[in-house]
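A short worksheet on the structure shown next.
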Amino acid sequence: MDDTAPQDTSSLMKGARDIAKETKRQAVKKVNKVVDRASDEYSHSRTYQRFQDEDDDYYSQPDGNYTGDDANDEEGSSDATEGHDDEDEIYEGEYQGIPSDAKARDGQVALGQPLADGLKDRRELEKERQADEEELAQQYELIIQECGHGRFQWQLFFTLGLALMSDGVEVFVVGFVLPSAETDMCMPDSSSGWLGSIVYLGMMVGAFFWGGMADKVGRRQCLLICMSMNGFFAFLSSFVQGYGFFLLCRMIAGFGIGGAVPIVFSYFAEVLAREKRGEHLSWLCMFWMIGEIYASAMAWAIIPHYGWSFSMGSSYQFHSWRVFVVVCALPCVCAVVALTFMPESPRFYLEVGKHDEAWMILKQIHDTNMRARGQPEKVFTVNRIKIPKQIDEFVEMQAESGNIFSKVIFRIKTELHGIWLNFLKCFNYPVKDSTVKLAIVWLTLSFGYYGLSVWFPDVIKHLQADEYASKVQRHNNECIEDFTFNFTLENQIHTNSLFINDRFIGMKFKSVTFINSTFHSCFFEDVTSVGSFFRNCTFIEAVFYNTDIDDSKLINTDVVNSTFYHNKTGCQMTFEDDYSAYWVYLVNFLGTLAVLPGNIVSALLMDKIGRLSMLGFSMILSGISCFFLWFGTSESMMIGMLCLYNGLSISAWNSLDVVTVELYPTDRRCVCTHT
């Protein structure tokens, strides 16, 4: 009696265990049927016919049972494993770090595991990626806060500041060299406008290209390439003599510098905590102002000095404005050198799935800042960072038999196509409306600011020309005989004059016009004429030696028995005794200094009153000040309105940069910012 009681208890426990296993097996079958039905519906919706014929074999055995660990529970159970929960079993290889779903065979879906990426719709993958990016954004913000703000950010601040300074210099170089280049290259008035617009054309194309490339290959690498391109072709443009080659070099230089601004702000924003982002991006904008001050100061100091030039015969002239172009390329060279010592953006590495590289850079940021604070023992506690789901792009492969040229063309087409697709994402929900609104704001603000920067030097020049013309000296019906002119004649008009046996030696005609005048037996030697013309005049038995008087200055003029020896070729330039150039560059210098108060105010108030509020108020006030330029009739009024406009609009620029950088996700931040 006592012996049978334990046996009955053991049999009862074994029967209960068998009932539990059978119940579990039936539940697994039901789950498998649900998975099969969902997979079938998915396969039909994607019209993948090859999956329809293989559904049963793909997910289960022929008898309908799920192929897994539980299929052999009876065979795998013994008295030694009684009382052991199947869910607590340690799978083979777990201690090696192999994921638990590695045991599932090819073509099988493990219970409780999501479908493979290849079986998912692209929209589902993008939703998963978006969720991962939101999680990464929160984690990354905490990581940057742990890294702190210190020496590393300031090193990157000054490095990127040099790049931004180069962009500001490039914009103002055009306006400063335009009057001098027109004269040096003998450009007609109909062609001079190309020089003012060709740089902006290159910047527009470069912005689109480099923005897309920065989102694909990295911020630092693209910034290095575009800055190197700008520096090289800007330097080369100072030596070319032909107008066409000069335009080509400036366009390529603009193409390079076009990618600088948004890459700089995106790069710097990705190593800043949110509470410091607005302020420090505004401080970074000050380097744009420094670039303007640098360009204005160099133009003021270099261009008016005609003696800072040399020539190699009459075919090669290197005037002072070319020296100015070389000097303006120096900040770009310094930026390239400094960038070689800086790492890539860790946020970009995380976006493209390079976890280890990003972790190393974040640790470098942390250690650099901690050492600067005197806390080198502080340890970087982050071990694992969320990586967004990587979605494979389907790219058509080029045949191996193609030549190098065709492969290069194919690679370029592929990259441009990828950039275009990334650009189109800027017009997808939920950033579509914001992109359109920001594009309008960027267009209007750029049109006003850059338009004034190119237009204002010419306005000052015309105002001074009108004032200069009002002081002209008029001489009528004069007769001068046997006289030697060896001094400068300036701002004069001679009408119905007679010059007999006179000598013009080593002198200059500066803005002098002769109308209906006669020169009989006169001798001209080493004569330079700037802005001077002979209209309806007559030269009889005159001799010209080493002068620049040619057909372009002899308008409806008769030349009788006269001889020209060693005429000067090309366009003659002179800034001697010409203070108008000094005045133009000084005015731009003052207008640039007016930006300083606006920069300081925007940096201090950006995070307090908000980006959009500052943007709105700044654009309204700057628009009002720009409107009053229409009523400017004097130089002092124009200068005052320009300084006011620059000081008010800079806050709009700073807030617009911050808003644009913060609005877009990392994978399309640069290309959308360039838009």
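The backbone N, Cα and C atoms fix where each Cβ goes, and this holds for glycine too.
From a predicted model like this one, the values you see are computed outputs, not experimental measurements.
Annotation source TrEMBL lists compositional bias 'Polar residues' at 1-12.
Summarising the annotation, TrEMBL assigns region 'Disordered' to 1-87.
Annotation comment: TrEMBL describes 15-25 (among others) as compositional bias 'Basic and acidic residues'.
Per TrEMBL, compositional bias 'Basic and acidic residues' is recorded for 33-44 (among others).
The annotation coiled coil is assigned in TrEMBL to 115-142. Mean predicted confidence for the coiled coil (115-142): the pLDDT average there is 73.
Residues or ranges marked as transmembrane segment in TrEMBL: 156-179 (among others).
The annotation domain 'Major facilitator superfamily (MFS) profile' is assigned in TrEMBL to 156-675.
Under the heading transmembrane segment, TrEMBL lists 191-210 (among others).
The transmembrane segment annotation in TrEMBL covers 222-239 (among others).
The transmembrane segment feature in TrEMBL is assigned to 245-269 (among others). Beyond the transmembrane segment (245-269), the same-chain residues lying 6 or more positions past its ends with a Cβ under 8 Å from any Cβ of the stretch are 156-157, 160, 163-164, 166-167, 170, 174, 181, 185, 194-195, 198-207, 209-211, 213-214, 219-220, 222-223, 225-231, 233-234, 236-237, 277, 280-281, 284, 332, 345, 657-658, 660-662, 669-670, 673-674.
TrEMBL lists 281-303 (among others) with the feature transmembrane segment. Beyond the ends of the transmembrane segment (281-303), by six or more residues, the same chain brings 157, 160-162, 164-169, 172-173, 176-177, 180, 264-265, 268-269, 272, 320-321, 323-324, 327-328, 331, 575, 581-582, 585-586, 588-589, 592-593, 595-596, 599, 602-603, 606, 650, 653-654, 657-658, 661 to within a C-beta distance below 8 angstroms of the stretch.
Residues or ranges marked as transmembrane segment in TrEMBL: 323-342 (among others). Here the transmembrane segment (323-342) has Cβ contacts under 8 Å with residues 155-156, 158-159, 162-163, 165-166, 169-170, 173, 176-177, 220, 223-224, 227-228, 230-231, 234-235, 237-238, 257, 291, 294-295, 298-299, 302-303, 308-309 of the same chain, all six or more residues outside its ends.
The transmembrane segment annotation in TrEMBL covers 438-456 (among others).
Residues annotated as transmembrane segment in TrEMBL: 582-605 (among others).
Summarising the annotation, TrEMBL assigns transmembrane segment to 612-631 (among others).
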